[in-house]
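Feature annotations, courtesy of TrEMBL:
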type	residues	note
COMPBIAS	44-60	compositional bias 'Basic and acidic residues'
DOMAIN	28-102	domain 'Cation-transporting P-type ATPase N-terminal'
REGION	1-60	region 'Disordered'
TRANSMEM	82-100	transmembrane segment
TRANSMEM	106-127	transmembrane segment
TRANSMEM	269-287	transmembrane segment
TRANSMEM	299-323	transmembrane segment
TRANSMEM	669-689	transmembrane segment
TRANSMEM	701-721	transmembrane segment
TRANSMEM	742-763	transmembrane segment
TRANSMEM	775-794	transmembrane segment
TRANSMEM	806-831	transmembrane segment
TRANSMEM	843-862	transmembrane segment
């Protein structure tokens, strides 16, 4: 073991040859004494390394920098918009149109694909700056001792074995083992999720100690909030904890979103539909004895007509509208597809600090030794305290500022007390004594860890003054402290007296970071929507369980475990363990990633929240990474797909509701476009089967698909959420955009629209026998009008039962009216008359159009009125 550690630290092989070891590193440096680490790294505790040795190690281990992933160039982001089955299908349709000499059709389809790609590019384009942001978090310079002289060097030049000299405000440039510490505390929230500064010392720890409890180490990218230290660098570059996170970020790829998967399956369905339509026309025409070449051209034309050219554009615009709506709800979307994915979420893995809780330590319980006599306790809390309350924010340790706020709220003036009783001397808090003592003219004020003060104090405050603190009394106080700790609180004890030997116990305080008031309701809303919430935190299990129970996350039948327990599970048990998991505490970045991957492999759609560097890999691995906008590091924001501007968990619930609304509206648009396209295909196909003259020309079909269908489909993006949208269970990951029952309804609705068109066509021939041209014009106008009326059917509830459905989306009504006016105007514009082969209609012809257009909508509304099914929009 000793030999292996030496090789890892020095970069020597078994044969003694130097080998490149990026960043070096001493395995389990926290479990070794300072002397052992010094010996393994060949460094002197007073002189450090020589410049010559530092240079040799720099060549051996490489520079102390994080590996950088190349930014995604803009052209690659642009090309990414033109992949997927729908784009390839449309490209094929355009190619066929060019081959047939139909350049107008091909140009229109190409324009749709191009505009769609540009919108996606403009909305989604961003550089992948996760690792660059990580690099910014490390210190640009460091103070080291080399050859016995303290000097400032670039942090990139640090090597294993360098001796660091650190003080409050410094950012360690590498991972280092503490050799000497004085009143040392470090802020590690960005790395471990620990919201309170961590007291540091130089003593060795057990080898199995979790990262968040390694109090004898300092880590790159964290910061010193108090004290001074000397520390020995044991890992640089990729070998640091920051480097490990950077490595995870480069290896992770979340793959396709649920929407992309669904669109891909839908594209395959469309391919079979198109082939079926084209093949049926060729077979039917051949059976009628028509020329094969003519039937091939007709079949191809109809197959192209069956493709909803406007669908990618409508889907992209719907998502873009969703991005704007989410911004109004305090959620910034950085990845377009994440809008809909949020609506598919089945599990939310939430960070604790700042998301579930307020990220503000607060006094929750005060247990005075003499109930009702808290004055002396508040006095000590104010005097034995280095914090300060300011208008622009509190200054100092969060536990101390929590005490000051509580004292102020109780009517005590901390600053007035300090002025009246100035501090004469101080024994600062130290990790070895676990207490702070201040000396004043009237005596001493003591604050510290209850377990330590209960051992040292000889007296306890009583109404008469003081009495001995005997063992039964000590045991009683220990039980009170344990009860507070079991509720996830951090505890402090207070004492005062004329001198330290005569000091009496005044009481105990329980302090915690309380849950946000709206979280319990938001968690309940998630439960009602079929979404499970898992609390994932770097904090201790007791604290996490207490918060989870108070917010309703941890319920009967669910459990909480530590990251160490989760990490020790064999692969075949991870998915099973995740099924009833509600709390995962004391986690490392790898544990979070493992949880996300296990949930996704089980078919869950996972949203992961986070604000620290340690959260970035899991944010990137999840289906949707949700970063915090206020407390979040740049690394987490770059790794996330969504950034919450207010850091509130309730905003996630709002975003899920918006995502569900968007998916519903995309599905409505697809239903509308497919029903319309099928009605066009059926109209031409049935006319062909009946050996009638051409009912619709290719240019008329193109006009309908791009000029009249797209506007109503786009306005569907602004449809409000259906009633009860958050009382429905989430969609299964494998659920198609168009489940089988819905496909049958599309077929029926397409036939109903066709029935209206053919009915109007026949009625016109009855009114004016032999006028096939006029009947074809009526068929064209009926098709457009019927489709515009049909868009009103895309509600789960009949507007005959609830007329408000008609006016729920004013823009949709405006789009219908505007499109209808354009259609009427087209019949009076000479150029369009010639291109579309139409003329103004007479009053009887308009009567045929009205009857044929309203018939399908009326039949659909009657079915909805009589049906109990409220699950389908058609």
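Glycine is treated like the rest: Cβ placed from N, Cα and C.
Automatic, uncurated: that is what TrEMBL annotation is.
Quantities reported herein were computed from a predicted structural model and do not represent experimental measurements.
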Best-packed against the transmembrane segment (775-794), counting Cβ pairs under 8 Å over 269-287, 669-689, 701-721, 806-831, 843-862, is stretch 843-862
Could you count the residues of the compositional bias 'Basic and acidic residues' (44-60) that DSSP puts in helix, in strand and in coil? 10 helix, 3 strand, 4 coil
Can at least 3 Cβ pairs under 8 A be found between the transmembrane segment (701-721) and the transmembrane segment (742-763), with each pair 6 or more apart in sequence? no
Is it true that the transmembrane segment (843-862) and the transmembrane segment (742-763) have 3 or more Cβ pairs under 8 Å, skipping pairs fewer than 6 apart in sequence? yes
Model confidence over the domain 'Cation-transporting P-type ATPase N-terminal' (28-102), as mean pLDDT, sits at 79
If we skip the immediate neighbours and take only residues 6+ beyond the ends of the transmembrane segment (742-763), which ones have a Cβ under 8 Å from one of its Cβ atoms? 269, 671, 674-679, 681-683, 686-687, 695, 775-776, 778-779, 782-783, 786-787, 790, 793, 848-849, 851-856, 859-860, 872, 874
